[in-house]
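Asker: The following feature annotations were taken from Swiss-Prot:
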- 17, 20, 21, 63: heme c binding site (BINDING)
């Protein structure tokens, strides 16, 4: 994955996602973090970039949909950032 894309994703995450998901955690539902094992267990579609993008776009439960708040480039960037953090156990 492109380093610039991940850097952009980190910025989008800090400005939009960190309020609930700081450090890959979940301040609303403690078990449903952004860590690898939790994503594999709870995210419909598992730990895939497409499943993360779908969740960001459409939301689910307490998580709002971001498709009307972020543009496609920001969603692509933040999804890649979350995926990279989870797959490589960086949270």
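These residue numbers are counts, starting from 1, taken along the chain as shown.
Yeah, the Cβs are placed from backbone N, Cα and C, and that goes for glycine too.
Small disclaimer: the values here were computed from a predicted structure and weren't measured.
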Asker: Which residues in the same chain, at least 6 apart in sequence, have a Cβ under 8 Å from the Cβ of residue 21 (heme c binding site)?
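Answerer: Looking at Cβ-Cβ distances below 8 Å from residue 21 (heme c binding site), excluding near sequence neighbours, one finds 13, 27, 33, 34.
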Asker: Over all shown protein chains, what is the count of other CB atoms within 10 A of the CB belonging to residue 20 (heme c binding site)?
Answerer: 15
Asker: Whose Cβ lies within 8 Å of the mean position of the Cβ atoms of 17, 20, 21, 63, the heme c site, other than those residues?
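Answerer: Along the chain, the qualifying residues are 18, 19, 26, 27, 28, 34.
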Asker: Where the record says 17, 20, 21, 63 bind heme c, what is the longest distance in Å from one Cα to another among those residues?
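Answerer: So the binding residues stretch over 10 Å, Cα to Cα.
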